[in-house]
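Reviewing the structure listed below.
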């Protein structure tokens, strides 16, 4: 009995995935890879296999990675504190040098190696390579008293995306490569900017008119006041939760970049739990999916 049921169950799982494989064939999916999924060995292997499977069945994955824990660990070893405002890392010149060294020189190469070892053709890029990401300085704003202008906060060499060289990514994808992108960018005067990886992923997804933007994080998705998972959330609901302070910290730029990417042509955006093995496949190829789906 069991010997018959088990193969049958596997067949049913494959059949459940079939309409999604058909729907996403030859479409681009941008994945922001970050959090616990980057430091747990089992999850790293799971991620590489998910990306490889997508490529094998005709989907075009583009990976944008973070590296916050690795940067924080390196800064700590050097006796330098990490400071965050509204989920953004305050970045002076010394910190920027460390950020670039860790993101581009270490983390990016490790991810490329993981995917290639699994059988893929990954190529690593920073935003400075081939003028992939043109950036400009980013300032935060904080609301003050009613009827007074917001406070402008300078957080150093933190940038925002000015322009994406989509042709470079498209060319690599067309040649069978899986682009793996570190979130740094170059300013007009040649200065290097640290850019939030979620924001970079959203901008790249918009530039490519991607089918999906998937952000991997260390929580189940977007949570309500009671700490319960929100399965689907629209733009108005997101704005209300931001105003009420329910969406804050590191989740704030994630939700913000998802909504911006949707307005700029991305079909769907998802914030999912990267602590789950095969989180990407569960989101893309099952009826229920996981995490929070964001819509306009």
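Glycine is treated like the rest: Cβ placed from N, Cα and C.
Marked as site 'Transition state stabilizer' by Swiss-Prot on the basis of sequence analysis: 32, 254. Residues or ranges marked as substrate binding site in Swiss-Prot (evidence: sequence analysis): 67, 68, 89, 194.
Taking the Cβ of residue 68 (substrate binding site) as centre and 10 Å as the limit, one finds 19 other Cβ atoms among all the protein chains shown. Annotation for residue 194 (substrate binding site): spatial neighbours 89, 91, 95, 96, 99, 100, 157, 158, 159, 183, 184, criterion Cβ-Cβ under 8 Å with sequence separation of six or more.
Residue 254 (site 'Transition state stabilizer') sits 14 Å from residue 68 (substrate binding site), taking the CA atoms of both as reference points. Neighbours of residue 254 (site 'Transition state stabilizer'), defined as other CB atoms within 10 A of its CB across all chains, total 28.
Among 67, 68, 89, 194, the residues given in the record as binding substrate, the maximal Cα to Cα distance rounds to 12 Å. Fewest other C-beta atoms within 10 angstroms, among the recorded positions 32, 89, are seen around 89.
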